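Some features that Swiss-Prot has for this protein:
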- 1-27: signal peptide (SIGNAL)
- ASP54, ASN56, ASN59, ASN60, GLY78, ASP80: Ca(2+) 1 binding site (BINDING)
- TYR127, TRP128, HIS167, ASN220, LEU221, TYR222, ASP223, ARG254, LYS259, HIS260, HIS354, ASP398, ARG402: substrate binding site (BINDING)
- ASN166, ILE217, ASP226, HIS260: Ca(2+) 2 binding site (BINDING)
- ASP256: active site, nucleophile (ACT_SITE)
- GLU284: active site, proton donor (ACT_SITE)
- ASP355: site 'Transition state stabilizer' (SITE)
- 526-607: domain 'IPT/TIG' (DOMAIN)
- 608-713: domain 'CBM20' (DOMAIN)
Amino acid sequence: MKKFLKMTAAFSLGLSLAFGLFSPAQAAPDTSVSNKQNFSTDVIYQIFTDRFSDGNPANNPTGAAFDGTCTNLRLYCGGDWQGIINKINDGYLTGMGVTAIWISQPVENIYSIINYSGVNNTAYHGYWARDFKKTNPAYGTIADFQNLIAAAHAKNIKVIIDFAPNHTSPASSDQPSFAENGRLYDNGTLLGGYTNDTQNLFHHNGGTDFSTTENGIYKNLYDLADLNHNNSTSDVYLKDAIKMWLDLGIDGIRMDAVKHMPFGWQKSFMAAVNNYKPVFTFGEWFLGVNEVGPENHKFANESGMSLLDFRFAQKVRQVFRDNTDNMYGLKAMLEGSAADYAQVDDQVTFIDNHDMERFHASNANRRKLEQALAFTLILARVPAIYYGTEQYMSGGTDPDNRARIPSFSTSTTAYQVIQKLAPLRKSNPAIAYGSTQERWINNDVLIYERKFGSNVAVVAVNRNLNAPASISGLVTSLPQGSYNDVLGGLLNGNTLTVGSGGAASNFTLAAGGTAVWQYTAATATPTIGHVGPMMAKPGVTITIDGRGFGSSKGTVYFGTTAVSGANITSWEDTQIKVKIPAVAGGIYNIKVANAAGTASNVYDNFEVLSGDQVSVRFVVNNATTALGQNLYLTGNVSELGNWDPAKAIGPMYNQVVYQYPNWYYDVSVPAGKTIEFKFLKKQGSTVTWEGGSNHTFTAPSSGTATINVNWQP
């Protein structure tokens, strides 16, 4: 759903909002902690578990793996789930306005200490898994994890786990004794290791040089034992493992290294999640400075998960921290990403994380960080704050960006910026669901508006720390009146006076000033703000959030197919739960009509799957191509494009697992279904179809498969 309107715009926040945190009694269904499909109303706080708080010293590793002073940042420092529970219960997180936490991968990691260039390294970070069905004892037990879930939910905080199914742990093909040989366990039972891999659980194609997407998927990431997702044992194991964590009550998943796993397998993984217990899921696909990445957008639009918005993070750092771009560049990024992502509001924004240098430098002006936080918290998308950012932590690359949090002060300006703005995501639907418009801009100043129905929020930012800005000619969607700065002048903001037609009186925005103004009003007509999940099979219940649906059941439309009655399992003014009807697989627009027949806006690009999904590798031999031609796959199911060359799967690969003129691609297809398919060559708008009759293949009911055929001239 495109939500950046390419015209001048501004955020307006009205006086009608009370600025306290929502209590459980006040929470609308769409803003509730029980809403696992929608994080648009949430603020995520990313916690590197080992570096946050040591609540139970008894579970700390012993010997050379542990440094209680946290001087050696490659060793365990003692943070655990009990420490997070303590900071939930003492009000540090709730007081900041945090409504979701993203914690380190909770699974059991290797115990070996690995010496790299004379420096000891441990699995403190959680990314060196050995058993995806057990916990990391340095973080806590299963009971401790359940206590964390319960404590978080009691304080209206959702829990997201990091999950890294790309690999296990460091391994060497030449030295079976290196570390733990990448060994994989199933709840304590050994499945296999990297050497003597008779079951083919892992890839053995060498290390990636990152030169192509294919190279990054089917070769090892550094020295990490790369899991073979086309292996049925690996596939079923990983899908069973995530179901275990879903059963433990998690509310979301952050998928590590999605650029480095087969896209078809990941779509089948998301189908398994959505068909079981759907939760908000977002992946990590790194983008560098000024990198746009069409494959990144395609993945976000078609995989069933959203992404960490590195494009956003890199541009915000350029504009607010490094001064290497200006507000016009920031605006162009916002408009570009809104056009490229089908559901831009589901992408997760941030200004720093564990894979980047900290935003704040030790001697830098703190106002830069404070402005970046304010900008991020009010924008469309789901904001995530890296632990310690509110304490102005600094640090370069890994591991210096992963130090222990120095304090839990609630008096820093950064903490208070978050505290004042985070609650608005639940109290003003313009911030959670609204369109975005630029209203006033020059090199240093951006004023933008979020609007949803009659709800408005306006943000003004002057990044010039030395010169005030004279603002004239500003027009907003705010009703006539006077609006106080929601930040209360914390960042030198001012009151805004608005006359008839939304015209604001001229004013001066202070040097380094940031102000937020808002207005809220009831929404009389049905307006959809969010749908989740955005991909599932018929019969799965999805959640539609917004405003103005009314209290009596109406009708939900998937394209022209109407759903009513018992197939709508819940209908409230801000939320509808509905079962996907028995329609053919494909892309559908969703809309709602209330009991009186008044129709809502259209929410587009919902994918109905043809059924349960499995990952199948399609291989075609001896398909020669001319320079500039690529090979694609299509067939008689929507997952293969329904014979439409424009929707065909590809371009296929031909370098790593199979080599030219043989091609391959891993695709998510309906389980147990007999599929007809063909290959085709594309070069620009020119399409050359494979000859002969259609190939046929029956997909397995579970696990994975490979279908290998010859090109038919």
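Using N, Cα and C of the backbone, Cβ positions are placed for all residues, glycine too.
Positions of Swiss-Prot features highlighted on the structure.
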residue: ASP80; record: Ca(2+) 1 binding site; CB count, 10 Å: 27
residue: ILE217; record: Ca(2+) 2 binding site; CB count, 10 Å: 25
residue: LEU221; record: substrate binding site; CB count, 10 Å: 19
residue: ASP223; record: substrate binding site; CB count, 10 Å: 19
residue: ASP226; record: Ca(2+) 2 binding site; CB count, 10 Å: 29
residue: ASP256; record: active site, nucleophile; CB count, 10 Å: 20
residue: LYS259; record: substrate binding site; CB count, 10 Å: 21
residue: HIS260; record: Ca(2+) 2 binding site; CB count, 10 Å: 23
residue: HIS354; record: substrate binding site; CB count, 10 Å: 19
residue: ARG402; record: substrate binding site; CB count, 10 Å: 25
Number of helical, extended and coil residues in the domain 'IPT/TIG' (526-607), per DSSP | 3 helix, 46 strand, 33 coil
Across the recorded positions (ASP54, GLU284, ASP355), the Cβ with the fewest other Cβ atoms inside 10 Å is that of ASP355
Those recorded positions of ASP223, LYS259, ASP355 having Cα within 10 angstroms of ILE217 (Ca(2+) 2 binding site) = LYS259
In sequence order, the recorded positions (ASN59, ASP256, LYS259) whose C-alpha falls within 10 A of the residue listed as 'active site, proton donor' | ASP256, LYS259
From ASP54, GLY78, HIS167, LYS259, HIS354, ASP355: recorded positions whose CA lies within 10 A of ASP226 (Ca(2+) 2 binding site) = HIS167
Based on Cα coordinates, which of the following recorded positions are within 10 Å of TYR127 (substrate binding site): GLY78, ASP80, ASP256?
-> ASP256
Counted with DSSP (H/G/I as helix, E/B as strand, rest coil), the domain 'CBM20' (608-713) has 6 helix, 51 strand, 49 coil
Under a criterion of Cβ-Cβ distance under 8 Å and sequence separation of at least 6, what residues of the same chain contact ASN60 (Ca(2+) 1 binding site)?
-> ASP54, PHE66, GLY68, TYR76, GLY78, ASP80, ALA138
CA-CA within 10 A of ASN166 (Ca(2+) 2 binding site), subset of recorded positions ASN59, LEU221, ASP223, ASP256, ASP355 in residue order, equals LEU221, ASP256
Within 10 Å of each Cβ, count the other Cβ atoms and name the one among the binding-site residues ASN56, ASN59, ASN166 with the highest count.
-> ASN166
Rounded inter-Cα distance in Å - ASN56 (Ca(2+) 1 binding site), ARG402 (substrate binding site) = 20
With LEU221 (substrate binding site) as the reference Cα, tell me which of the recorded positions ASN59, ASP256, HIS260, ASP355 is the closest one.
-> HIS260
Summarise the model confidence on the domain 'IPT/TIG' (526-607) as a single mean pLDDT, whole number.
-> 98
Remaining residues near the recorded Ca(2+) 2 site, that is with C-beta within 8 Å of the centroid of the site residues ASN166, ILE217, ASP226, HIS260 = HIS167, HIS203, THR208, GLY216, TYR218, LYS219, ASN220, LEU221, LEU227, ALA257, MET261
Helix, strand or coil at ILE217 (Ca(2+) 2 binding site), per DSSP?
-> helix
